Structures are given as structure tokens and as C-alpha cells.
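Pulled from TrEMBL, these are the features on record:
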DOMAIN    79-211  domain 'Adaptive response protein AidB N-terminal'
DOMAIN    239-345  domain 'Acyl-CoA oxidase/dehydrogenase middle'
DOMAIN    356-514  domain 'Acyl-CoA dehydrogenase/oxidase C-terminal'
DOMAIN    520-641  domain 'Acyl-CoA dehydrogenase 11-like C-terminal'
Amino acid sequence: MLTCRLPWWRSSTTCKPWQSGRFLPGVWERCQPLSRKGVDRTAGQGQQVVMQQEQALEDLEIPLARREAETLFQEQPETGNPYLEDALLRSYLKTHLPPKVLEEVNQDLERFGNRLLTKIKHLGWECELNPPVFRQYDAWGRRVDHIVTCSAWRRMKEIAAEEGLIAEAYERRYSNWSRVHQAVKLYLFSSFSGGFGCPLAMTDGAAKVIESLGIPGSLKNPFDHLTSRDPKKFWTSGQWMTERRGGSDVANGTETVARKQPDGTYRLYGFKWFTSAADSDVALTLARVADTEGRVKQWPHGFSNLSLFFLKVRDEEGKLNSIQVQRLKDKLGTRQMATAELWLDGAKAELISAEGRGVASISNMLNITRIHNVIAAVASMRRMISLSREYACRRVAFGKLLKDHPLHMQTIARMEVQTRGAFLLLMEIVRLLGLAETNMASEQDQLLLRLLTPVAKLYTGKQASAVVVEAMESFGGQGYMEDTGLPVIIRDSLVLSIWEGTTNILSLDVLRSLTKSQGQVMAVFFSTVQKKLELASSTAKLEPAVKQMRDAVSGLAQFMQAAGSRGAETMELAARDFSYTLARIYAGALLIEHAARPDASAADISAAQRWCNQELCPVARALENSSYEAKEVLMDSALVYEGSPACGSRL
């Protein structure tokens, strides 16, 4: 019988007050439940500390042999309903949602938060303890290529359907606010989902692609399955793009060939090197269309030569669709999810894009999955901070609780500011997406959405890595222990700056949005930020922050003017710093806007002030330092390759 061993911060009990069949003196008392803030309901904070110190002295009196047998004991952090404990989330919804929508959404999210605590988090940990296993052959030597997932993983799929984690966005019962509702549920779900957020991202993306095509008749049934609330009907989708060459350059790296059949379908032949959620029901994939003699068609300039295909992974009998599983990937994180290398040996598929326009057609999927990436990043930050702040109310060090050490609280507060900025950036792109999907978005809204999606993805991916590692440190050695579950969050968050485009790749995508709009997107960016700052200009406490933001905007404008006269190479070298600048300025404007509300809290105002105290326009500073000059490019290579054997042959 499988026993699900919960980490201490997921368990329903804090410790076992017994050892070797008997109670230890004093241990029972310290295992008594504390209040949510870590202080006994009948005792003051000072008394709590004194009691813990007295207990430590009692423990010293225990014979050495018995003390050596004891395990390390720390108070575990206990978090409550994640929706009710997220003040920024609740204030955002109260500010933006219409009253009737807010009432219904609030009830749903509070209920869902309780379900996360009582049911879903245990399943998530079981998914971590029981990762997928690959059975290539059965007991009689027949090849079956069966990816075995645990019951908790399969239950997560059912819960995703029951909660409408995909359906919510496409039913649009709250019009343009449906995307916000869905995103918030995914944000709450992410840290408890045992990695199931990833297949949901690709499922959402597949549904979006099909919807953008007008839901053609042949795809009506798959769309209904992908957006179903019925666990028995719900399908998940994979996204099979990366091949042997790896990376984001799919236009040049895709070798898969599609051959048309007499019945109008296609057969796919090729190797997919990295297929996330390999246990999904269907998939979207790219391939090059070949003629009857196997020659790949060549397309005029502006076409990628790639076409987009839809396929079912298994047939009606449950047999693989001419697909061979080579192996499961051994990953640093997201181990709960099956990622595989697949060989397509004549897999039956349907062409769903115009020939040669596959990359353009799948862009809708990439936009959605990038937004899901932002959701996961912000969720991981929020989860680690929630645990850190609760632990600070329980852990005694050097005679007092961690929360009473000013330096410790300063460190967590800095992480909180970063998380708040990331959260509001997420909500902004989701709000804009909701407007676009309901034909309520202006041209300016659409330009902003195109710009901010890669900006938010690249910036929050980096933020998540920094925040969760810093938060791990707040637990001391316990943060490094596998059975606490904390390293799982660390590992799973590290993929967020890589999946769906690395930071540099997405920085170049940001530049493409400028080029494609012929600079219009920056005019919209500047005007939107200025409007948000004007709304806050009458709030006295925000005056310093508003001034800092205006100085940053001015610096960005000066950079744009200077870079425009220096050629494309300057902008390419500046792409990363430029994207960071956009993220910091826009998130700062959102924080200021939120803090300018009549019912804003002191924490809202402080977060805006502190955000604006950081370097808001790093691209201007780097330009002043000549970081984008040609001589610096040569020095970059010299620095990297000094002493390397590659230096003589490559430079």
C-alpha cells in the first residue's frame, strides 16, 4: 500500500510527541497548536519566547544518549486559504471587477481556496513522490511504449475539468473578465498542482489556436473536449515543437516532414526531442510539407516553410498513433510531468494552418503559454513568501521570533515588493487579453498586449528564480531539505526563464514588436504610463515615486532617440536591458496606480515607493557607460574566451 509522505509544511500535524513508545518530558507542550501567527492564544509574544527558551533548558537536562536520538524540531509554517490570505489579489479584484461579477468570483475563489487546502495539495505532493514511469515493453516482449502516471496525476486532470480551469476562459460568462477569473484560479492552483499547470498551459494554447481559426468543423469535437468541464470528456494537449537541434529557432531546426495522403490527411515523420506532457490526448506540432516524391516545398520570402498540424496521440483502441516513445527526459525540475523524446513514424495528422504559415498560426498558442509561464512564476513567488512569513512567526533564533529581527523582515519585504510588481504585471496582460478576446480591445490595447506579453514572461521568469532562492534561505538549513518540499518549488521555478523562450530570445521578440508596429507600440507605452502617473499626482505620499518614474520615462525616451541614430546592432545589444526597463517602468506605474486608490493600504503605498527606489531605467545607464559600443562587443568575446582553447580557433 502506497503511503503519501507529506513534507512538514504540507502535513496536517506538526510533530510526533512520542519516541520509542513513550512521551518525552516537555515535548507534548511544545507540540500544542499555535495560533495562525505562531503565538499561543492565551499568552503574549514575550511569554511564548520565554516558554520556548525554558523548554530548551529542559531539553539540555535530558541524558545525552536520549538527546542524540531526537530529531531536529522546528515549528512548521501553516498557511491558510491562499485566496483569503492574498491581500493584493483581493484588493485588485475589488478595484477592477464589476460588483455582481466580484460577488460571484469571490465566492468561487474562497471555495476553491478551501479545496486546495483540503484536497488538492495532498495530491500535488503525491505527484512529486510518484513521477511518471516509462514501460517500453510488456512482460512478453511486445513493445507498448506506455507512460505510467500515478492516480493523483490523473485525479488532477479531473479536478482541472471540474473547476473549469480551461473552460472558464472560453465560456466567457463574465465577458472580458472571464480571463481574469481563469488566471486567478490558475495562479492559486499552480503551487498546489503537482506540475499539472504545464499541460493546462498547452491545452489552453491549443484551444486558443483552434478558436482563432474559427473552430472549423473538423476541429469542433477536439475544441469541445479541450474546453469541457466533464472529467470524462476533458482532453489535454501537448505542444511538439522542439527537435534535435533544440532551442527556439524552430524555423531552421524543424526536420519533421508531412506527406499528404489520398484522403486529405497527412502522415508525419520525424523526431521530437522535447515533448512536454507526453501523456496528453492530442497535440499541435510543426512539420514541413513534402510532395509525393519526398521533396520539401520551398516557399517565398516571409514564409517559414513550416505548417501546423493537429493529431490525436492514440486511436480509438488506445494504441499510439504510429508514435514511438524513445525515453522520458531526466529533468532538474517538473519531474511530476512526463516529458519525452518521440519518434513520429507516419503519425496521422490534420493540416490546420495554411501551408507554410505554421509559425504564424501557432503564435496564438505561444502567447497563451507565455502568460501561463507568468502565472507560474508569480505563484511560486507568492507561495514561498507565504511560507516564509508564517515561519517567521514560529521560528525562534537568538532569543526572539524571526519576525522580530528587523533585517530578516527587511529581506522578506524586498521579496514582497518584487512579487507585487510581478502580480500586477500579470493581471494587466490578462486584463488586456480578456478585452482582445471579446472584441473590446482598442488598437492601443492590442499593441500593449503584444509588447507586454514577452516583457512580462522574461522578467517574471528571472524574478521567480531570484525570489524563491532568497526565500529558501529564510528557512535556514530546513530550506535545503528535500522532505520539506521546499526544494521542489525551487527546481520547478528554474525552468520558467527557459521554457517558451529564454530571456535573450524574448528580448529580441520585444524588439520585433517595435519593428512590426513601426514604433507605434512605444508611443502607446509612454502615453499609458503617463496617464497612470497623472492619476496619482495628487497623492502626496506618492510624489517621490511619481517623480522617479517620470525621470525613468524621460531616460527611456532619451535612449530611444539616441539608439535610433546608431543602427540595429545597438538595439540588439541593448535588448535585454531595454526589456528589463520596460518591465520595471510599467510595473512601477501599475503599483503607483494601485496605491493611488482612495482605499489603498499603507502597504500598497510602501510597495510603490520601494519599487521606484530601484534602478528603473538600466538601459539608459548602460548607454551612458558605452556598454553597447562595437569595442565592447569585442571585449565581451575577449572576456569570455580568455584562456579557453576555443579562443585561438574561433576568434
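Keep in mind that glycine also has a Cβ here, set from the backbone N, Cα and C atoms.
The residues of the domain 'Acyl-CoA oxidase/dehydrogenase middle' (239-345), classed with DSSP into helix (H, G, I), strand (E, B) and coil, number 4 helix, 47 strand, 56 coil. Taking H, G and I as helix, E and B as strand and the rest as coil, DSSP gives the domain 'Adaptive response protein AidB N-terminal' (79-211) the counts 89 helix, 11 strand, 33 coil. If you average pLDDT over the domain 'Acyl-CoA dehydrogenase/oxidase C-terminal' (356-514) in this model, you get 96.
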